[in-house]
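Chemist: The structure's right below; bear with me while I get my questions together.
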Amino acid sequence: MGDVKNFLYAWCGKRKMTPSYEIRAVGNKNRQKFMCEVQVEGYNYTGMGNSTNKKDAQSNAARDFVNYLVRINEIKSEEVPAFGVASPPPLTDTPDTTANAEGDLPTTMGGPLPPHLALKAENNSEVGASGYGVPGPTWDRGANLKDYYSRKEEQEVQATLESEEVDLNAGLHGNWTLENAKARLNQYFQKEKIQGEYKYTQVGPDHNRSFIAEMTIYIKQLGRRIFAREHGSNKKLAAQSCALSLVRQLYHLGVVEAYSGLTKKKEGETVEPYKVNLSQDLEHQLQNIIQELNLEILPPPEDPSVPVALNIGKLAQFEPSQRQNQVGVVPWSPPQSNWNPWTSSNIDEGPLAFATPEQISMDLKNELMYQLEQDHDLQAILQERELLPVKKFESEILEAISQNSVVIIRGATGCGKTTQVPQFILDDFIQNDRAAECNIVVTQPRRISAVSVAERVAFERGEEPGKSCGYSVRFESILPRPHASIMFCTVGVLLRKLEAGIRGISHVIVDEIHERDINTDFLLVVLRDVVQAYPEVRIVLMSATIDTSMFCEYFFNCPIIEVYGRTYPVQEYFLEDCIQMTHFVPPPKDKKKKDKDDDGGEDDDANCNLICGDEYGPETRLSMSQLNEKETPFELIEALLKYIETLNVPGAVLVFLPGWNLIYTMQKHLEMNPHFGSHRYQILPLHSQIPREEQRKVFDPVPVGVTKVILSTNIAETSITINDVVYVIDSCKQKVKLFTAHNNMTNYATVWASKTNLEQRKGRAGRVRPGFCFHLCSRARFERLETHMTPEMFRTPLHEIALSIKLLRLGGIGQFLAKAIEPPPLDAVIEAEHTLRELDALDANDELTPLGRILAKLPIEPRFGKMMIMGCIFYVGDAICTIAAATCFPEPFINEGKRLGYIHRNFAGNRFSDHVALLSVFQAWDDARMGGEEAEIRFCEHKRLNMATLRMTWEAKVQLKEILINSGFPEDCLLTQVFTNTGPDNNLDVVISLLAFGVYPNVCYHKEKRKILTTEGRNALIHKSSVNCPFSSQDMKYPSPFFVFGEKIRTRAISAKGMTLVTPLQLLLFASKKVQSDGQIVLVDDWIKLQISHEAAACITGLRAAMEALVVEVTKQPAIISQLDPVNERMLNMIRQISRPSAAGINLMIGSTRYGDGPRPPKMARYDNGSGYRRGGSSYSGGGYGGGYSSGGYGSGGYGGSANSFRAGYGAGVGGGYRGVSRGGFRGNSGGDYRGPSGGYRGSGGFQRGGGRGAYGTGYFGQGRGGGGY
């Protein structure tokens, strides 16, 4: 095989070109591989090899490139020596026509229902078909982005990136703000004679009502439209935000000028200057280290009315990389005999390394034929599959896919398209002796869908997952064989894999495209480009109830195949029907006084519960008018469940509810009712955050006489099919996350679902017999529902997607997003670019820096990613990864009321920190589970903690650490440490300092009781779920008035969630952008005033600049963390000192009655010999907290190992448990110091002595669950 490299070199030499090879090590020390990429000038393709040694990697990369040259007819296949280069099958372009017969929806159904309730079925069949070869209309939806970026390129202005000193938003967008934008927009409307009207949508229940305003305007001089959709707590704010987005877009398109007047800022509440008690000795040390770092400090201003800026510019910058002029495309290549597409690596050993495609195809065909003849169970399953509606369309589907690069399959719920279409393709290739040419990846919107569908398909093929069918979701993979296989995965997993290209995959099937999440929209842009560059690839788009015309147009008028479902009709009813059938009378309204932040706001959106037809009785109209439209009526759901009993039609009931809180409350509500809590009912929750074992229960049949009631979010709306569901009760709501960029505000709103969502939910009934769907919204409300939900790309920050665009080398961020099916607003794109430049993730040429490359690989918010890197530098990487991972999931506290009880508050110790509470919970749980699964369950029940959340946090943390280690960070800086939250702990001080960096600009100042001030003195409240929230009207005094927080939540009031107390020195160091001094007072970010010496403040801002410079050096070469030069070590020690509360004169032990009248929390055990959770040399697993961590305990029978159960993984397992056999003890063999002589911190085994990486394999696509330690 080595000759292939010479062949390519000779071929290039004849054309006066030279192949360029780039090789790098990937993976960690124990399983290192080498990735080689080869490029040839003039060809937009990168050949790739991934092997265990450099020579094979180079040969495989050359071979891949030669195969590409054969495919594009640059080389004839017979000219190539026998390297196993296969010619692609010929591609025909015959246009295909597809069936578009009308779908019959039955209008009547039997059943014991009152005849006056029979409703007309809607006729919603409207999709036709068109030939693929017909060119579509010009696609110019992203023209605004294209215009802006083309003008920017023409000017070729080298941005000096000085906007760091400017307000994040206004300065970036021509100084247009909430206050001045609406007036300018009105002027523009008058001049252009535009009738601009805001379209308002109300979201949330009465006590948490807010509004969305949206508007589309046509710009004559550009010949295009721009669109904005923004959120506000009332109509006025929503309209102002919408106007602001429109004006900023007009500014960037050159239609309106920058604002030149004085920006009037609303005067927020002023903060009194805070006196910082800094010792003379510490100030002297600060000045010394600044001198050592050769930094110059500005003297105080001569005139106090002209303050000086203390911020020091960047001390180190990444060298700009070469600007990417070519618009990149993710590379694709067809399946090849020695390439495993699921691990993105070459097969260099074993029989498959040298097998020809013909041999592979013949072996797999013989195996399938033998199985079909001998396996009687399989024959029975095949007969079942024959009955699925999609089976009738098999030949039509296969023909369309073979003739067209892109095909859309629109199939009614339950027709079998998700499980059958991939198998049709696979079996067709195997039976036609082309097995080696087929590998199919199928994306699902959620992990439960990917796993359950993969398990179902494996069952239908008479196999276990891991043979011809597998899955890969975050934290868990069972990979199929390298050839003739189907891989089900989440969209996020596929996007992570794209860095290695879509190599070795013949078909990409994207299921549920109507969901319009940001990842699916991003994937569709990637695939559209791939199809244009590589027409041989096959893309299949599938969904149930979408208007496919937009997707059809986007993919060049591709054909649409309509598949009709089972003929069981589903009768649907609305709120008025449900009330009349059940004779429901609402209970008396609860008169309890609302909290102050739940009040206010006028509701001028019509209450549709007051609109009821004359055909309903007066009792029905009265009951309906008494129901609050914004609340989910639990009592009506109970009444419907009792009504369903009277129908005597057996079947499961699926109840759609918006969010985990309602599911949990409804479950408890039903279980406490003697009727529904009895053995006659099985109440099951279904939510993405519950363990897989719990999720699987919803598929299990129940005994005769038992009714299964499934309480689910919209997770059950798509892909997963629960066969025995006959009844659907639909709240008609769902929970969405809305983010407003200009004020950094997050809002979790319960909103009305769209008509598309309701149609999907209705379709879940009637799989086994005629079904019933009860919508808990009135007919009048249904008529007002949106047809589709707003795409996620319009309501979420874009910086994570922007990083992916750069990592995949897809060109400019704006230019790429302009190609989206519905491009995001221009101002959102510019903000994403600015955020990444500010973090040093992009260089002067807008290409990824080494830091940006690491951040792009971390599946977490980029600012948190940089915080984790800084954590590694301070050797507190594990704690920072734990906190970052915990932010991905709900809090682990199980809490009945809104405020936390003492059992949960005690985890914060005396740190006044929600983040420290999370860290302590995780630490205590991690210790408890050393005693096995039963000990873990007991601990979680006793402390009222959600075990599933803690397990998922652990998995996420391990994955984040794995990525950092694979990026070259030393394992030592990511070791687990013990923290104390009740006494001095400098490591914990540093963690809090870095947290202040990670959550910036979320800083607040405590005034009184729950009242706090956020940026620019705006009023807000401490969130009720915080450990810092006082009980009732209790007034609290904290050791420091300053806090950082995770996010601002907009309810009726604005509240800060996830709060941690910080010192003013920590703010100056890591949570500030603009620092000014007049010689007496230091002003931070224009609102926080500190009484601190000018010199001390200047030295601290200098330390920040030095720290940023060190991050630049470390990300170029992470291994240098273990051998920093003395000056940097002293600088880090200085930051450690400044991070201590005592450095700012703050005593955390002040105020022993921290949480009101309750008992003082018990002190946590000191971690000395033999006491506390981690008992020195005699730890739970027989010693070896650090040593056993990787001496084989975890992998051999660990989580996902041979025992394949939580008990085996989290408890003792087969091979000695998670922390393994006695190998040294956490503090040495007999409680010695951390790095003591008798084994020490890491024991004699070290961090990673396992024989393999178990479940994590090679990144997302892992090597299955197999052996070895972690």
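Keep in mind that glycine also has a Cβ here, set from the backbone N, Cα and C atoms.
Annotations per Swiss-Prot:
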type	residues	note
BINDING	THR418, GLU512	Mn(2+) binding site
DOMAIN	3-71	domain 'DRBM 1'
DOMAIN	180-252	domain 'DRBM 2'
DOMAIN	398-564	domain 'Helicase ATP-binding'
DOMAIN	636-809	domain 'Helicase C-terminal'
MOD_RES	SER87	phosphoserine
MOD_RES	SER125	phosphoserine
MOD_RES	LYS146	N6-acetyllysine
MOD_RES	LYS191	N6-acetyllysine
MOD_RES	LYS199	N6-acetyllysine
MOD_RES	SER321	phosphoserine
MOD_RES	SER449	phosphoserine
MOD_RES	SER506	phosphoserine
MOD_RES	LYS1024	N6-acetyllysine
MOTIF	1155-1173	motif 'Nuclear localization signal (NLS2)'
Chemist: Quick one: pull the CA-CA distance for SER449 (phosphoserine) versus THR418 (Mn(2+) binding site), whole Å only.
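Modeler: Spelling it out, the Cα of SER449 (phosphoserine) and the Cα of THR418 (Mn(2+) binding site) are 10 Å apart.
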Chemist: Can you check which residue among the modified residues LYS191, LYS199, LYS1024 has the largest number of Cβ atoms within 10 Å of its own?
Modeler: LYS1024
Chemist: Express the distance between the Cα positions of GLU512 (Mn(2+) binding site) and SER321 (phosphoserine) as a whole number of Å.
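Modeler: Approximately 39 Å lies between the Cα of GLU512 (Mn(2+) binding site) and that of SER321 (phosphoserine).
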Chemist: Going by DSSP, is LYS1024 (N6-acetyllysine) part of a helix, a strand, or coil?
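Modeler: Coil, per DSSP.
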Chemist: Round to the nearest Å and give the CA-to-CA distance linking SER321 (phosphoserine) with LYS191 (N6-acetyllysine).
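Modeler: Spelling it out, the Cα of SER321 (phosphoserine) and the Cα of LYS191 (N6-acetyllysine) are 45 Å apart.
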Chemist: Per DSSP, what is the residue tally for the domain 'DRBM 2' (180-252) in helix, strand and coil?
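Modeler: Counts, helix then strand then coil: 33 helix, 24 strand, 16 coil.
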Chemist: Tell me, in order along the sequence, which recorded positions from LYS191, LYS199, THR418, SER506 have their CA within 10 Å of LYS1024 (N6-acetyllysine).
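Modeler: Those near LYS1024 (N6-acetyllysine) - Cα within 10 Å - do not exist; the answer is none.
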Chemist: Find the shortest Cα-Cα separation between THR418 (Mn(2+) binding site) and the modified residues LYS191, LYS199, SER506, and name the residue that gives it.
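Modeler: If we rank LYS191, LYS199, SER506 by Cα distance to THR418 (Mn(2+) binding site), first place goes to SER506.
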Chemist: Cα-Cα, whole number of Å: LYS191 (N6-acetyllysine) versus LYS199 (N6-acetyllysine)?
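Modeler: If we compare the Cα positions of LYS191 (N6-acetyllysine) and LYS199 (N6-acetyllysine), the gap is 22 Å.
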Chemist: Quick one: pull the CA-CA distance for LYS199 (N6-acetyllysine) versus SER506 (phosphoserine), whole Å only.
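Modeler: That comes out at 45 Å between the alpha carbons.
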Chemist: What's the number of neighbouring CB atoms sitting within 10 A of the CB on THR418 (Mn(2+) binding site)?
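Modeler: A 10 Å sphere around the Cβ of THR418 (Mn(2+) binding site) contains 27 other Cβ atoms.
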Chemist: Within 10 angstroms of the C-beta of SER321 (phosphoserine), what count of other C-beta atoms is obtained when all protein chains are considered?
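Modeler: Taking every protein chain into account, the count is 14.
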Chemist: When a 10 Å sphere is centred on the Cβ of SER449 (phosphoserine), how many other Cβ atoms does it contain?
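Modeler: SER449 (phosphoserine): 26 neighbouring Cβ atoms within 10 Å.
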